[in-house]
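Annotation comment: TrEMBL describes 2-262 as domain 'NADH:quinone oxidoreductase/Mrp antiporter transmembrane'. Look at TrEMBL and you will find 33-54, 66-89, 126-145, 152-170, 176-193, 213-229, 249-267 tagged as transmembrane segment.
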Amino acid sequence: AMAWTGLELNTLAIIPFISKSHHPRAIEATIKYFLVQATASTLLLFSSMMNAWATGQWDITQLTHPASSLLLTVAIAMKLGLVPFHFWFPEVLQGSSLTTALLLSTTMKFPPAVLLFLTTHSLNPALLTTLAIASVALGGWMGLNQTQLRKILAFSSIAHLGWMTAVIVYSPKLALLTFYLYVLTTTAVFLTLNSTKTLKLTTLMTSWTKSPTLNATLMLVLLSLAGLPPLTGFLPKWLIIQELTKQEMATTATILATLSLLGLFFYL
């Protein structure tokens, strides 16, 4: 119940930020965000109630009822914006300002990520792996034909959270490392875009004339998000592939590595 309260407060606190500019798109984004997050929170509460009904145990970190653990997985996936519950995320990011988009793709992912971290041993590993592969695939694939930077970053976020979900059952600490590095690099990208006031690819292409140093840094950060070897972003991917291979999940590791090439393409 406390987890639910926290999530609700979290949702309600960001609502004014999204609806700050009284633009129809911002209001639409606010409504989409609110409905999805409220549904996810309710599902979390419902799964907890089902478990309590069946076992008399209110602790969500010790779910034993299969249906309630399935519902909890769905609720957390909705909160994080994992495929197939990702539809709201690019739209909401597109409708909000860069600062709000930054908050939405970093800070607002903390509570559900922590919940995933705490409840991971009672969730279904096969389902989590499926969600992870789907997220990495769709994050890379849908990011390809975008021109709006916030949407590209939204799909990049979906793909990164996919990588995190893939390994969380086997090595939670590694999943947290992935998450922290994702937050760090995404923050750097959003702050750079904010200071150059860039929203589209077309403006980004001409912005190097105004601030060459900042743009060079942005290029490095983007390549780091893509996970190119000498840069920091490569570390979590390498470790995740290593961990999955240790767990005799080489196929999953191969699929993830291949799919991240899609993402690499649009970062380049």
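Using the three backbone atoms N, Cα and C, a Cβ is placed for every residue, glycine included.
Just so you know, TrEMBL annotations never went through curation; they're auto-generated.
By the Cβ criterion (distance under 8 Å, sequence gap of 6 or more), the transmembrane segment (152-170) is counted as touching the transmembrane segment (249-267), at least 3 such pairs being found.
When Cβ distances are compared across the two stretches, the transmembrane segment (213-229) makes no contact with the transmembrane segment (126-145), since fewer than 3 pairs at least 6 residues apart fall below 8 angstroms. For the transmembrane segment (66-89), the list of distant contacts is 7, 32-33, 36-37, 39-41, 43-44, 46-48, 50-51, 54, 60, 109, 111-113, 115-116, 119, 122-124, 127-128, 131-132, 134-135, 137-139, 154, 157-158, 161-162, 165: same-chain residues at least six beyond its ends, Cβ to Cβ under 8 Å. Note on the transmembrane segment (126-145): residues 70, 73, 77, 82-84, 86, 90, 120, 151-152, 155-166, 168-169, 249, 252, 255-256, 259-263, 265-266 of its chain, located 6 or more positions outside it, place their CB under 8 angstroms from a CB of the stretch.
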